[in-house]
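A quick write-up on the structure given underneath.
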Ligand SMILES: Nc1c(NC[C@H](O)[C@H](O)[C@H](O)CO)[nH]c(=O)[nH]c1=O
Ligand SMILES: CC(=O)[C@@H](O)COP(=O)(O)O
């Protein structure tokens, strides 16, 4: 459903687990900093609103959206996490460069999620114009960072419950 029809900041708050025990990685791209920092603020505010502790939110910055999967994997290797939220904004230019970035990052994060079991959240805007990005980074269509945080909490809670093998049974954490 288009963001114009479903505000990105609107969600059922009765269907959100408590995040107090959850640990998050948050990776933020520097490109389009005005947008990505607004997304990050929305994400952080939502995580803490639902109980996440700031000590359990590990934040790193990368040059661009294309670098999100690699950095997400790095932080997931260094820290014991329940979800990794990736934040970026790729604005269409004159060439197809945006498509290569967006498709690669989306596939890369899905591959990481499936291969490791740990949830990697695609908090990336892929607008045609800067205004479309503004509208989705706290503007008239809400904040994609809020949506990414809600997804991270829900998926992180599932991972904590179901994603880790019981000790002594097979591989994995
Ligand atoms: N044009 C945008 C980029 N481009 C940079 C790439 O993400 C990457 O850093 C570069 O290709 C080197 O690997 N990145 C964004 O996040 N947003 C853009 O609009
Ligand atoms: C999506 C991008 O990397 C963008 O800056 C590239 O712009 P262009 O396609 O005009 O080179």
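Positions of Cβ are set from backbone N, Cα and C atoms, glycine also.
As recorded in TrEMBL:
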type	residues	note
BINDING	31, 65, 66, 67, 89, 90, 91, 122	5-amino-6-(D-ribitylamino)uracil binding site
BINDING	94, 95, 136	(2S)-2-hydroxy-3-oxobutyl phosphate binding site
ACT_SITE	97	active site, proton donor
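Structural mapping of features recorded in TrEMBL.
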residue	record	CB count, 10 Å
31	5-amino-6-(D-ribitylamino)uracil binding site	17
66	5-amino-6-(D-ribitylamino)uracil binding site	19
67	5-amino-6-(D-ribitylamino)uracil binding site	20
89	5-amino-6-(D-ribitylamino)uracil binding site	27
91	5-amino-6-(D-ribitylamino)uracil binding site	17
94	(2S)-2-hydroxy-3-oxobutyl phosphate binding site	6
95	(2S)-2-hydroxy-3-oxobutyl phosphate binding site	8
97	active site, proton donor	12
122	5-amino-6-(D-ribitylamino)uracil binding site	20
136	(2S)-2-hydroxy-3-oxobutyl phosphate binding site	27
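Residues 31, 66, 90, taken from the binding-site residues 31, 66, 90, 136, are distinguished by a CB atom under 6 angstroms from ligand 1. Among the recorded positions 67, 95, 97, the ones whose Cβ sits under 6 Å from an atom of ligand 2 are, in sequence order, 95, 97.
It is 10 Å from the Cα atom of residue 91 (5-amino-6-(D-ribitylamino)uracil binding site) to that of residue 97 (active site, proton donor). Rounded to a whole value, the Cα-Cα separation of residue 31 (5-amino-6-(D-ribitylamino)uracil binding site) and residue 97 (active site, proton donor) is 14 Å. DSSP assigns residue 65 (5-amino-6-(D-ribitylamino)uracil binding site) to a helical segment in the three-state reduction. Cβ neighbours within 10 Å of residue 65 (5-amino-6-(D-ribitylamino)uracil binding site), excluding its own Cβ and spanning all shown chains: 27.
Reduced to three states, the DSSP call for the residue listed as 'active site, proton donor' is helix. Comparing residue 95 ((2S)-2-hydroxy-3-oxobutyl phosphate binding site) with residue 66 (5-amino-6-(D-ribitylamino)uracil binding site), their Cα atoms are 16 Å apart once rounded. Here the C-alpha separation of residue 122 (5-amino-6-(D-ribitylamino)uracil binding site) and residue 136 ((2S)-2-hydroxy-3-oxobutyl phosphate binding site) works out to 14 Å. Neighbour density for residue 90 (5-amino-6-(D-ribitylamino)uracil binding site): within 10 A of its CB lie 23 other CB atoms from the protein chains shown. Binding of (2S)-2-hydroxy-3-oxobutyl phosphate is attributed in the record to 94, 95, 136, and the widest Cα separation among these residues amounts to 23 Å. Mapped onto three states, the DSSP output places residue 136 ((2S)-2-hydroxy-3-oxobutyl phosphate binding site) in coil.
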